[in-house]
Amino acid sequence: MLDSKETQYSLQEMGKMFPNATTSLIADSDYHFLLAVILSAQTTDKAVNKITPALFDRYKYPIDMAKADPKEVAKYIKTIGLYKNKAKYLVECSKMLVENFNSVVPKTHKELMSLSGVGRKTADVVLAERFGVPAFAVDTHVYRISKRLAIVPEDATVRETERILMSKVPKEDWIKSHHRMIFWGRYQCMARAPKCETCPLLEICQEGQKRIK
């Protein structure tokens, strides 16, 4: 297991390779960003960005989406996974924003997670990206990298992974570290073909050392 110092060292190395790592989702408002994050579940940001311009142009505000038929919304997002369920989430989430929050995206975990289609990871991402609230969202890349580098135990849950990362990384570095790990997972330490031979973290990555033997 990597200790706090080793964990922070690994994140610094990731930062050297990806100094400009940030969210890839494109949105022009807090509301549209929330929708984009909901849509991004089990789908790439690139795929989401392809469909959101037309979707956002049609549904500019929560009240517009709240009055929509999910089947109509589904037509705009049918190229991404789970689009029928996501269409329902977008409509229900928008209704709740209108009815419970005066059409304003809330700024607390509890309130965000009360919205349809919003889980802990989605809430973390929205809080960090739109409101600058320190959070360490654990997506599939962060989860995989945390285990491969032995930052967390192999049997750690997503929630446990989040807690361990938050304990090993200074609070002021949570947001940028989250982005660095995502970029690392996308372009360096991919799920099926990680670039272990050229990895600057090979000396502290036992899994990488096993892979190249």
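Backbone N, Cα and C atoms are what each Cβ position is placed from, and that goes for glycine too.
Sequence annotations record features per position, and here TrEMBL assigns domain 'HhH-GPD' to 39-187. Using DSSP to sort the residues of the domain 'HhH-GPD' (39-187) gives these counts of helix, strand and coil: 100 helix, 0 strand, 49 coil.
According to DSSP, Cys205 ([4Fe-4S] cluster binding site) is assigned to coil rather than to any helix or strand. Sequence-distant contacts (6 or more apart, same chain, Cβ under 8 Å) of Cys205 ([4Fe-4S] cluster binding site) comprise Arg148, Leu149, Ala150, Cys196, Cys199. The [4Fe-4S] cluster binding site feature in TrEMBL is assigned to Cys189, Cys196, Cys199, Cys205.
Neighbour counts of Cβ atoms within 10 Å were taken for the binding-site residues Cys189, Cys196; the minimum is at Cys196.
The Cβ neighbour count for Cys199 ([4Fe-4S] cluster binding site), using a 10 Å radius and every protein chain shown, is 19. Across the domain 'HhH-GPD' (39-187), the prediction's mean pLDDT works out to 97.
Take the mean position of the Cβ atoms of Cys189, Cys196, Cys199, Cys205, the recorded [4Fe-4S] cluster site; other residues of that chain with a Cβ within 8 Å of it are Arg148, Gln188, Pro194, Lys195, Leu201, Leu202, Glu207, Gly208, Arg211.
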